[in-house]
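To start, the structure itself, in structure tokens.
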Amino acid sequence: MKLPSLLSLGVAASTTIVAAVPDQKPIGDTIEDVHLGKFLIELGPGDTRWVTEEEKWGLRRDGRRFFDITAEAEQNVFPKTFAQTTVTFPSELQNVAHVKKLASSLSKNRLQTFLTKFTSFHTRYYKSESGRQSAIWLFEQIEKIIQESSATGARVEKFEHPWGQFSIIATIPGQTNKTVVVGAHQDSINLLMPSILPAPGADDDGSGTATILEALRILLKSEAVAQGKAPNTVEFHWYSAEEAGLLGSQAVFAQYKQDNRDVKSMLQQDMTGYSKGTMNAGHVDSVGIITDFVDEGLTNFITKVVTGYCGISYVLTKCGYACSDHASASRYGYPSAFVIESKFEYSSKLIHTTRDEVSSLDFDHMLQHAKMTLGLVYELAFADL
């Protein structure tokens, strides 16, 4: 099938497009393969291939991650890369007392209550009706949090896609358009039969969705943030279609690049609730800070945030190419980072099955991710970036 165009890249107007990836196979003048029911995926820099939808899911079942870049082929703008934005992050934490006071109001009960409902949708597969309904419900929860706060100018908007499930963007305006982003993906998938079988997706990525939602709720309790007094704008993103090749986040950041948005940082929270793998391996509970395909400066600052605001430590780990939505931000030149629940090899093996349920999650561990998210967003909202 032919995937509808997602990305309007404005190539002629862009001044940040640089040389294509070396040794990348060029796309010809036609994209006939798309009309033959195939999709163009990128499994690594310079590693592209046309695959069927079933072959996409087969690669996912084998643990392979990729960008689905079919839309770029349709726009005839592939291959390309973007110049990376250079940002100097703070050398030290500046708001410890205030953030810790805010963090004391983070609620495990709210995390669990939210996830109990969120995982009750049959699946949050991005092309399913229940995936659309889950997005509507999530949007309503975000809308309610903003309405119940004293925030001035805060808003939540739908970012529509050609498929049924939209992405969601909540914005807290600051004094400038410099923007700090945290994200999670709202979709789930059962890789055995994506369109049919249940996919509760409690950890992947209901946990990240709940984590950043709770961080948003508490951040809005800061009068300075809620009244728009922070120097920088803050956005919370919940992406559609991550499991299908980072489709939702690619569309969002492609639009941001076209609009010349000044995104200073992006943190992804994907899988924040499973600690049994670490414990069963005989290790101390910790969060996993990803070190490959991320921005080094932002990642180094996150280690300071974890040390300053979390009750557990961190381990450094790798997850590979295009392993979550932060990769889309990086693809379009924005500094990005990713924090996961553990060292990558100890992360949940229940994901993408019917067994990825709330009962497998550690809400004390998830609360640490919420503290880290809140701390990072608050620090960067008030930083000179």
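Glycine too: its Cβ is placed from the backbone N, Cα and C atoms.
Among the candidates HIS352, HIS365, HIS369, the residue that Swiss-Prot annotates alongside ASP204, GLU243 as binding Zn(2+) 2 is HIS352.
Per Swiss-Prot, the Zn(2+) 1 site holds ASP204, ASP270; the candidate it also names there, chosen from HIS185, HIS283, is HIS185. In Swiss-Prot, the cysteine linked to CYS319 by a disulfide bond, out of CYS310, CYS323, is CYS323. Around CYS323 (disulfide bond), a 10 Å sphere centred on its CB holds 20 further CB atoms from the protein chains shown. Distance from the CA of ASP270 (Zn(2+) 1 binding site) to the CA of CYS323 (disulfide bond) is 10 Å.
Other than the site residues HIS185, ASP204, ASP270, same-chain residues with C-beta atoms no more than 8 angstroms from the centre of those residues' C-beta atoms, the Zn(2+) 1 site, are ALA184, GLY201, ASP205, GLY208, THR209, GLU242, GLU243, MET271, SER324, ASP325.
Distance noted between the C-alpha atoms of ASN177 (N-linked glycosylation site) and HIS185 (Zn(2+) 1 binding site) is 24 Å.
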